[in-house]
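Enquirer: What TrEMBL lists as transmembrane segment is B:24-45, B:66-88, B:136-159, B:166-184, B:196-220, B:251-269, B:281-298, B:305-324.
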Amino acid sequence: MSDIVLKTENLTKHYGGVHALEGANFEIRRGEAVAIMGDNGAGKSTFVRQITAVEQRTSGTIWFDGHDVAFKDPLEAREAGIETVFQNLALADHLNVPDNLFLGRELVRFRLGPFSILDYKAMRKATLEGLQKTGVKIPNINNTIQNMSGGQRQCVAIARTATFKSKLIIMDEPTAALGVQETAQVENILHTLKSQGEPVILISHNMRQVMEICDRIVVFRRGRIVANLRKEDTDGQDVVAYITGAKTQEEYAGAA
Amino acid sequence: MTDTTHGIGGLTFDTKKRALPPELGVALALVLIVAIFEILGRIFMHDSFLFNTRDSVDGLFNMARLKIIILQVSIIGIIAIGVTQVIISGGIDLSSGSVVGATAMIAMSFAQAGTVYGAENTRAVFFTQGWVDLPLAVPLLVGLLCGLVAGGINGLLIAYTRIPPFIATLGMMVAARGIAKWWTRGQPVSFPTESYAALGAGMTPVLIFAGVAILFALALKYTVYGKHTYAIGSSESAARMSGIKVARHKVLVYTIAGVLAALAAIVLSSKNLTAQSGMGVMYELDAIAMAVIGGISLQGGRGSVLGTVLGALIFGVIISGFTFLKLDAYYQEMVKGVIIVGAVVLDQWRQSRHSDRI
Ligand SMILES: Nc1ncnc2c1ncn2[C@@H]1O[C@H](COP(=O)(O)OP(=O)(O)OP(=O)(O)O)[C@@H](O)[C@H]1O
Ligand SMILES: [Mg+2]
């Protein structure tokens, strides 16, 4: 029981009449990399938004790190140790790379409540180290995000999660806008995290990537989990069958 | 040889080349406008706008005019600093002019002298209570508290209900003006104590404006408060997802704007030696104009206190220039309108260069 990092029970989210997420039972253990797959609109990002308290769930329970948790806001989730690359990246366009990397937990020279003095030098140094560690190349970290390419933005968001200590990393389509070389870079980061025993939830449409990195694949369809597959027991074609609805696992037969 | 770094996709980047700060453009506009008035003055008035042409006075510049320009904009400038951080956070504050009115009335009634021209000041608001000749701290704290409450209510409404800032502060604009009129049923409040009158005397308002400007220039650039203000204005959802307590921060931003409006009210009523319920009408628009002229983007996330200070100076130069050219006040208003719209158009154009690409 103790090696379960995150577990959800009947996690449900309704937007008015839209049942975006319905009774999701999910768990991930220490050292595990779990992929979440599913068509557009299947509820994958909704699932992430409930766990990270970007939105408040309609019903259901979330256990994290051995406790029943009810995070009030994303800061609490982050402080508890959940690092997330959101699908929309959650970067502030007018700020530069260090500002974005440390957004919400700035390094300060001395504390004065909200008027604490920023330690620009330390943040800059840590940013350069973080980028180096993750192999992310950004030509000029003083550049504001709005002047960067889609791939560079994605790299900044990924570097942000990989730089901080965490107990669980969630990445929502981290390589969606990346070129071949940059995708390989991100996959390297994922491999590194995995080898360090860091649990990772990877949302991706890229079957090759999922098969290479993840131990388990959870399939979402129309707001419900329809399959939970160990990599050894499945292949690409099989997963696609679950995604499209050609197949549904027995224990989820009530779903979809 | 230039120092280049290889980036993603093989692009190179010249690290020595830096984008020009937007404040530079505003500063150039200021110089240009002064030059225009100088030329027009030489042609039509046979006098200089900027330079000293009198033998009886020493110095290169027309110091009297420069002083008036700065003094004229300092009080609204104090409000504009508060409005600047509101706009950077992606909001707007239309209530500042009315908050000036209400605060001036209330603060002044705690600042009245007990004797006027050797006679008892029986018309003082709190004469019967004996609250006259109070120490300066009393009207000062009462006044700032007025701004704190008004701004706090703005902030709470905006942060915790879904009322847009435009509507919430419009409500405060009307309500605060009502309070200003109700306080003495429309009677002006006059005859402050010497200590209160000193706050607005001579060049003191300029010093207060400068102090506020420096304080907030530093706060916006070097504190967590500033960083979060920019982040929220840049992308509220990103700020929230990154763990910034957006609602709490907004309350703080609007509260500070209210306190600065109250400070302006205190200085203004002190300078005029009287408070009237109509004080500060339209100040909110002048303050917003100073910020916009100074390059603060109405879409949030961009701009600086330095920009607003330059915007305030442009404002002052234009008013002073029109007086210098002996042009009617009507033209002043019209040109002010054109400049404000022009500044917003310029900002839209600057923004579109970024957001067209996706
Ligand atoms: N705020 C909202 N209000 C109403 N409906 C919403 C809201 N957010 C999401 N939805 C709906 O919920 C469903 C699931 O959306 P979600 O973003 O979770 O999909 P997804 O699986 O992440 O898809 P994609 O692969 O395209 O990212 C969609 O039908 C979407 O329209
Ligand atoms: Mg999604």
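Using N, Cα and C of the backbone, Cβ positions are placed for all residues, glycine too.
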Enquirer: Counting only CB pairs under 8 A, let me know which of B:166-184, B:251-269, B:281-298 has the most with the transmembrane segment (B:136-159).
Expert: B:251-269
Enquirer: Compare B:24-45, B:66-88, B:281-298, B:305-324 by their Cβ pairs under 8 Å to the transmembrane segment (B:196-220) and return the stretch that comes out on top.
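Expert: Looking only at B:24-45, B:66-88, B:281-298, B:305-324, the most contacts with the transmembrane segment (B:196-220) come from B:66-88.
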Enquirer: Taking a Cβ cut-off under 8 Å, which residues six or more beyond the ends of the transmembrane segment (B:251-269) line up next to it in the same chain?
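Expert: Distant Cβ neighbours of the transmembrane segment (B:251-269) are 74-76, 78-79, 81-83, 85-86, 89, 91, 93, 95-97, 99-104, 107-108, 111, 139-140, 143-152, 154-156, 158-159, 169, 189, 192, 199-200, 204-205, 208, 212, 225, 229, 275, 279-280, 283.
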